[in-house]
Amino acid sequence: CKSVQWFLFNPVHKQNKQMDGGENIISLAEMFLVALSFAYFAKALSGSYMKSTITQLERRFDIPSYLIGVIDGSFEIGNLLVIAFVSYFGAKLHRPKIIAVGCVLMSIGTFIIALPHFIIGRYEFETSARRIVNSTLNVSPCAVGSSADLTQGCVQTISVVGPVFGYLLGSLCAKIYVDIGFVKMETITITPADARWVGAWWLGYLIAGVITLLSAIPFWFLPRSLPMSGPRGPEKCTPEQKSFMKHKYPADEHASFTEMAKDFFPTLRTLLGHPVYLTYLCVTIIQLNSLIGMVTYKPKYIEQHFRQSASKANFLMGVINIPAVALGMFSGGLLMKRLKLNIMGAARFAFGTSLIGYVLSLFFFAMSCENAKVAGVTLSYNRISYDKHPVFTACNSDCFCSASDWDPVCGENGITYVSPCLAGCTDSAGSGKNTVFSNCSCVGVAGNFTASTGQCPHKDDCDRMFPYFLALSVITSFIISLGGTPGYMLLIRCIKPQLKSLALGFHTLATRTLAGIPAPIYFGAIIDSTCLKWGQKRCGGIGACRIYNTTSYRIAYLGLTLSLRTISFIICIPGFILLSRQLKKEEENAINKALANGGTELEALRKEEFIISNSDQMSDNSTDRETRL
């Protein structure tokens, strides 16, 4: 998609159209920019919505985080097949129609993601509470004597604004129950704060698919390229435009597809032989591994570590974090223009902002919450915390309970139990969310042996820490994104104009292949290693994680993120050396060229002076002859 931006480099032609009431000036370039911005918005919305539904998909299909990472990374797999070739040939073919086809394919893919909801059964979760309202049947969780069942610029800015709406859409859909319209809501015994809650994840994909499909429409009506408004001489072009037009237009007009294909691999070899570009590529791949892994699981981190609902986590990402990134990118571009930074200045600016953000991110390690108090998981039934805790104890020994169930109840003692059965409850009253379990032998607080559905809150320490986490998250996001635009300009300026289209395309290909695909997978695998209680699939096997060790989660998640960024900083050192050598070499070449041009001009002046001198001498000789005559 990057290569199609070359459409804007063609000479701009404005068509004048007379209308009743005045003159309306329509610019094809502006139409293309609006259409491309909308396409970027649709793509960014779909991608961010995918990340906002991670926990919903884990719970709905009982899959671990690493497998969700495979699904998230598979979005990039399609790019592997075409992006390099589209970047190269897209600059020579009908760009708008290529974009339109891409938008249609993305729309179809988005609809397919939502398809499983309509072809599989309704969502069923483990619960001991009665689903039937006004039922007089009393349920006994502790079944004594029975067995239990086992279970750029404007375009770049718009592409940043897209995730805002993507996460907001995710927040809205997370509040809606997954089977809304198919079940009676009064029979649902869980709330959005419950670890078993699944929102209407499929609804957002349908909305995103429609938006992406609409974004394809304008491109079918745009021309192959912008026509010229008249003769445009080289004297009106910048040096970069002269070089670009010199290398681009002849290929567009005369070269055949076969000739272009033959030139592809030599051009790619030349590009990869550029040391500064190769170093920049390595740095951005490692930093994007850190960024993609962090962003993918940040809503999940907020949910699990600070015990917020999926809806609230997505809402905060959409209204706080993403706008800070957009503001940072815009401010970075403004500062670069105001300070008139050259290539080296842009590189130093990007490195400096990233380093400051890195230092501030170290404070996240200090923002911790205690593990939830869950009997048999994070602490023993006698309230002593140690590494391994049995879920079976004397108070529930008479009950035939399943150790694999996750149907948490909150005891009057402020401790969460894995299920009413494991809490030793023998009776229940009420229905749905208002179900109360009684005679719970494991609770035992001054004769009050009751428990209610759901986990105990235990949010006091997290509620105090969470605002500081949000404030630091906004500040670091803003500072790091300040270097986004200067870093992107460094990529553009360090490459010859005729290689820029391929350079941008190959950069996108490499980052998506080596960062977009693997990062969610190994981040998810490391997060899975911190799980304390796994759910069980109905057909057997490990399902989704129900509760994590928050301390281990924090260290693994933040540690991996910052370790990758540390490696990228180390690679930047030889990068600065190579960039300095390239700039010095270019400066020397420019001086030598200027001296060579100056020598040529001096020789021309000497010849001109010689001709004038001879002409004057001949004129004097002629005058003397005339005098003698």
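For all residues, glycine too, the Cβ spot is worked out from N, Cα and C.
Bear in mind that TrEMBL entries carry predicted annotations, made automatically and left uncurated.
These figures come from a predicted structure and were not determined experimentally.
Across the domain 'Kazal-like' (389-444), the DSSP tally of helix, strand and coil residues reads 6 helix, 12 strand, 38 coil. As annotated by TrEMBL, domain 'Kazal-like' applies to 389-444.
The transmembrane segment feature in TrEMBL is assigned to 25-46 (among others).
Feature annotation from TrEMBL assigns transmembrane segment to 66-91 (among others).
Using a Cβ-Cβ cut-off under 8 Å and counting only residues 6 or more beyond its ends in the same chain, the transmembrane segment (98-120) has close neighbours at 1, 4, 36, 39, 42-43, 46, 50, 61, 78, 86, 90, 178, 201-203, 205-206, 208-210, 212-213, 215-217, 219-220. Here TrEMBL flags 98-120 (among others) as transmembrane segment.
The transmembrane segment annotation in TrEMBL covers 202-222 (among others).
If you look up TrEMBL, you'll see 277-295 (among others) marked as transmembrane segment.
Away from its own ends, the transmembrane segment (315-335) comes close to residues 48, 52, 153, 156-157, 160-161, 163-168, 170-171, 298-299, 302, 308, 349, 353, 470, 473-475, 477-486 of its chain (Cβ-Cβ under 8 Å, at least six residues beyond either end). Annotation source TrEMBL lists transmembrane segment at 315-335 (among others).
Annotation comment: TrEMBL describes 347-367 (among others) as transmembrane segment.
Within the same chain, residues 152, 156, 277, 280, 284, 306, 308, 316, 320-321, 324-333, 335-336, 341, 343, 345-347, 349-354, 356-357, 360-361, 363-364, 367-369, 503-504, 507 sit at least 6 positions outside the transmembrane segment (465-491) and bring their C-beta atoms closer than 8 Å to a C-beta of that stretch. Per TrEMBL, the feature transmembrane segment maps to 465-491 (among others).
The transmembrane segment feature in TrEMBL is assigned to 503-527 (among others).
Feature annotation from TrEMBL assigns transmembrane segment to 555-579 (among others).
Tertiary neighbourhood of the transmembrane segment (277-295): same-chain residues 51, 271, 354, 487, 490-491, 494-495, 503, 507, 510-511, 514-516, 518-520, 522-523, 557, 560-562, 564-565, 567-568, 571-572, 574-575, 578, selected by CB-CB distance under 8 Å and a gap of 6+ residues from either end.
Averaged over the domain 'Kazal-like' (389-444), the predicted model reaches a pLDDT of 82. For the transmembrane segment (555-579), the residues of the chain that approach it from at least six positions outside its boundaries are 275-276, 279-280, 282-283, 286-287, 289-290, 293-294, 297, 301, 343-344, 347, 351, 354-355, 358, 361-362, 364-365, 494, 523, 526-527, 529-530, judged by C-beta separation under 8 angstroms.
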